[in-house]
Amino acid sequence: MDTPLRRSRRLEGLKPESPENPTSVLRVRRVLVEFESNPKETGEPRSPPGLGSPSRQPETSPGSPSLPNGPALGSPRKQPELDSGSPEGHRDPGLNFPQNQPESSPESHLLQPKPSEESPKFSQNQGEADSELPKSKEEPTPGCPRHQLQQDSGSLEPFPGQKAPGPEPSKPLQELTPRSPGSPRDQHEPSKPPAAGEPAREGPAPKKREGSSAQAPASKKPKEEIPVIPKGKPKSGRVWKDRSKKRFSQMVQDKPLRTSWQRKMKDRQERKLAKDFARHLEEEKERRRQEKKKRRAENLRRRLENERKAEIVQVIRNPAKLKRAKKKQLRSIEKRDTLAQLQKQPPQRPATKV
């Protein structure tokens, strides 16, 4: 690293220019600052892209109306802004001048904007900056206008994260200066999506109109393509809706649906056999019922006969006993034909019932 002595020795031959021609001084200052930043780009870590925003220029420029203090005062309010915003604030103020670098190069002039692009008040304060040039060459201080001019031009130099200027053609100033999220250009950019969204909103409306216009001829085409239905056939293709208005039984007389004579005779025979079998079952049931009835009557008759054979009878020949008999005894007396019994039995023993 160079010492301030060698740097001052190297710059002894330079003479401050007259206030009438301040553009050469500004060019030399910007060239020095640019070549100072080039050898240190590889050594320093990259800072976030929002640190070197153009919004910092009005704060550090000597002609800025936003700063109440003068540029040469070095107020403590302005130093924290320089330390936090610009990458040069972290460097030693004694390292502002490069070592063994030419004072001007074509690449540096391509990257430098014209003096007309600066603020209008910056040209008024150039005379003061030129008057203090010898002091800044000997011993630069962080509060002097030389240091402020370097920091102001440092905002125009390429960012440490960007490539160093080379033989390629230079990019526009807007691309070289990094943008910060709070910069006025970034504030104007969010308004672009709504502007881009407005055509998007208007886009579907013509499509709908085109679709509606396309649907109109499309709706006419099917009407024209409908085939003509031949006379005698229904529109829906249902055969039972014929123009002749015949009955369904007459329309469905197909050959597969007709039954043969043998099939008809067979079905008739089956029906007859079923009826005969049902009649036979009824007759069998009636026969069983009659047989049961006869058995019951025979059983009754046989029981009565057995009772008569087993009873003891007494024939009452004296009618006076009947008169003297009580009602209970008269209930048990019956009149019977005893002729058969008398014939079977001997006459000395007549049949009587007690």
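Cβ atoms here come from the backbone N, Cα and C positions, even for glycine.
Listed features, source Swiss-Prot:
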type: COILED; residues: 274-317; note: coiled coil
type: COMPBIAS; residues: 31-44; note: compositional bias 'Basic and acidic residues'
type: COMPBIAS; residues: 49-58; note: compositional bias 'Low complexity'
type: COMPBIAS; residues: 97-107; note: compositional bias 'Polar residues'
type: COMPBIAS; residues: 199-211; note: compositional bias 'Basic and acidic residues'
type: COMPBIAS; residues: 232-248; note: compositional bias 'Basic residues'
type: COMPBIAS; residues: 267-289; note: compositional bias 'Basic and acidic residues'
type: COMPBIAS; residues: 297-311; note: compositional bias 'Basic and acidic residues'
type: COMPBIAS; residues: 320-330; note: compositional bias 'Basic residues'
type: MOD_RES; residues: SER18; note: phosphoserine
type: MOD_RES; residues: SER24; note: phosphoserine
type: MOD_RES; residues: SER47; note: phosphoserine
type: MOD_RES; residues: SER53; note: phosphoserine
type: MOD_RES; residues: THR60; note: phosphothreonine
type: MOD_RES; residues: SER61; note: phosphoserine
type: MOD_RES; residues: SER64; note: phosphoserine
type: MOD_RES; residues: SER75; note: phosphoserine
type: MOD_RES; residues: SER86; note: phosphoserine
type: MOD_RES; residues: SER105; note: phosphoserine
type: MOD_RES; residues: SER183; note: phosphoserine
type: MOD_RES; residues: SER212; note: phosphoserine
type: MOD_RES; residues: SER213; note: phosphoserine
type: MOD_RES; residues: ARG336; note: citrulline
type: REGION; residues: 1-354; note: region 'Disordered'
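Across the compositional bias 'Basic and acidic residues' (297-311), the DSSP tally of helix, strand and coil residues reads 14 helix, 0 strand, 1 coil. Taking H, G and I as helix, E and B as strand and the rest as coil, DSSP gives the compositional bias 'Basic and acidic residues' (267-289) the counts 23 helix, 0 strand, 0 coil.
Counting residue by residue with DSSP, the compositional bias 'Basic residues' (320-330) contains 9 helix, 0 strand, 2 coil.
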